[in-house]
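Beneath this line is the structure, given in structure tokens, with notes to follow.
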């Protein structure tokens with residue numbers, strides 16, 4: 001569900017992992033987080049590497065829609081033994097991102113599974129168990145949770161759950177290519193929110209790119225032969241909630257760090273915090289909307305391959321969190337943002353081919369135009 005997927009969240013440019021502040025200069029919260037991430041990624045004497053990042057699963061939350069800082073030269077110096085690092089990490093990130101979206105589409109549409117809340121609950125439970133196991137083995141470092149931190153984080157988590165669920169349902173009713181194009185609207189909502197909340201102004205190229213996104217979304221919807229009003233409604237809700245999540249997270253982060261024992265909150269801790277808090281919400285929603293009755297009567301859950309698909313998609317959703325930060329560490333914000341935009345191309349075409357989506361020539365060009373607008377947006381943000 002997502003692709004989501006991490007930008008994150010701070011909406012600022014991150015310094016390089018080896019960054020050191022000038023003498024007498026105060027280190028910002030974003031720099032502290034990046035320093036922590038760099039430390040997590042460093043290789044210890046045993047050569048073990050721990051990778052951490054956010055979560056972005058939804059119908060495909062991407063770096064642009066969630067505000068991952070763009071800019072920076074996007075380069076790293078590599079030793080002779082690390083030259084393959086960017087290629088391997090980038091490939092892992094793209095495969096996990098594409099795979100998760102395709103598997104979620106299979107679970108929801110091919111198997112016609114009509115319990116999106118239950119699927120979200122199952123995938124988030126998997127994420128919690130995996131992160132807890134990694135933390136127990138000492139592979140990753142997780143912040144100890146306390147009531148004050150949880151209380152501050154609950155508003156963020158409510159939006160997070162809504163983002164995941166709306167992404168689930170939109171992916172069920174709309175083909176992957178159109179979901180990808182429509183998600184561009186998230187960038188526009190986020191930019192408007194940043195303007196009014198954070199007084200952050202965008203340059204003319206960014207606004208031009210967003211105008212092109214609007215055109216592609218409208219033309220794509222008009223020419224969509226498999227148009228589904230329910231699916232488009234869910235997708236519009238997903239765009240609003242994804243933008244709200246990004247903006248809310250930025251406001252809450254500084255306050256949340258005050259209640260963290262270490263004084264900072266790394267991304268792997270946010271993964272655990274979001275997924276763990278979503279479980280009680282998921283149980284309540286399953287009971288309220290009566291999904292439990294569907295679960296105990298449907299034949300889909302008796303199919304072993306369905307569980308393979310659902311479990312694999314949940315693991316890949318968590319893998320995006322790890323591989324995205326790994327790739328970001330190996331390259332930089334610029335390369336990460338651009339590859340994230342380019343990654344939408346194979347996802348879109350794979351969705352069209354694998355699910356045999358009815359396609360008209362105007363709709364095909366609308367999709368291409370939307371993909372181009374997304375790339376242009378990433379380039380504009382870099383400038």
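Every residue, even glycine, has its Cβ placed from backbone N, Cα and C.
The stretch that TrEMBL tags with transmembrane segment, taken from the ranges 88-109, 176-197, is 176-197.
Looking at 57-77, 120-140, the range annotated in TrEMBL as transmembrane segment turns out to be 120-140.
Contact counts against the transmembrane segment (176-197), taken as Cβ pairs under 8 Å, peak for 232-249 among the stretches 152-170, 232-249, 270-290, 305-328, 335-355.
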